[in-house]
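Taken from TrEMBL, the feature Fe cation 1 binding site applies to Glu75, Glu107, His110, Glu197. Among the features that TrEMBL reports, Fe cation 2 binding site is placed at Glu107, Glu159, Glu197, His200.
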Amino acid sequence: MILRSLKENNKILNKRLKFSYNLIKFNRNVLYFCSNSSKFIKEETKKVYFPVRRLTKDENEIISKWVVLILDLGELGANYIYEGQYFVLSKTRPDVAPIIMDMWNQEKKHLETFNELLIKHKVRATELKYLCKTLGFALGVGSALLGTKSAMACTEAVETVIGEHYNDQLRETMCLKGYSSEIDDLREKIKKFRDEELEHLDIAVNSWDSKGSFAYGLITNIVKAGCIAAIWVCKRI
């Protein structure tokens, strides 16, 4: 009698333990689901893209101005300067030519970006681009013929003016920061390109002693004056 009672109690206890185990397992699964659902919701929330408003006429005008200016009288000119320098130094200084090519390749990427922006914003490139190409190539060839340090003095002067102009554009678009993802993306490009231009400046000054050129003062003053004049003219076209 006692033995039968113990068996029955044992069965009841086992059922209760099994029920408790299943309940704990169920609760654990619910908690796991809730936890992962929360993560999923957070991740999906991050992927939500709100409609981006169209640029206003004034905003588009700001973009158009600096695109034309930088492309035609900045990046375009720099491309042809490096092309002219590489044309000479690849023959006279094969050890320096790869450095010029690395900087030139970055300028090509800048130019490609601005070409896309010209098309996107329907901006007509200034007619000065033809003069810019010719003078840029001539300047590159001429400075390289005077030697590596003179070529780097030319690079220093050009990158100094371009770097300052990029900073001007960052200040000019500061009032538009956060108003449009397009403007913010534009500012990020400006920052990236400015930093790369300043890297070229650092290479010219610290790695290749641009200031040691026998014609340093003459080259830098002429090149800077030419770049500043080109910017002044482009702003008034």
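Every residue gets a Cβ built from N, Cα and C, even glycine.
Glu107 (Fe cation 1 binding site) is surrounded by 24 other CB atoms, counting those within 10 A of its CB over all protein chains shown. A 10 Å cutoff on Cβ-Cβ distances gives His110 (Fe cation 1 binding site) a total of 22 other Cβ atoms nearby, all chains included. Those residues of the chain, other than Glu75, Glu107, His110, Glu197, with a C-beta within 8 angstroms of the mean position of the Fe cation 1 site C-beta atoms are Gly74, Ala78, Asn79, Gln106, Lys109, Leu111, Ile162, Phe193, Glu196. Glu159 (Fe cation 2 binding site) carries a helical DSSP state (H, G or I).
For the recorded site, His110 (Fe cation 1 binding site), the DSSP three-state label reads helix. Within 8 Å of the centroid of the Cβ atoms of Glu107, Glu159, Glu197, His200, where the record puts Fe cation 2, the same chain has further Cβ atoms from Ala78, Met103, Gln106, Thr155, Val158, Ile162, Gly163, Glu196, Leu198, Glu199, Leu201. Glu159 (Fe cation 2 binding site) is surrounded by 24 other CB atoms, counting those within 10 A of its CB over all protein chains shown. Rounded to a whole value, the Cα-Cα separation of Glu159 (Fe cation 2 binding site) and Glu75 (Fe cation 1 binding site) is 10 Å. The binding-site residues considered are Glu75, Glu197; of these, Glu75 has the fewest other C-beta atoms within 10 angstroms of its C-beta. Cα-Cα distance from Glu107 (Fe cation 1 binding site) to His200 (Fe cation 2 binding site): 10 Å (rounded to the nearest whole number).
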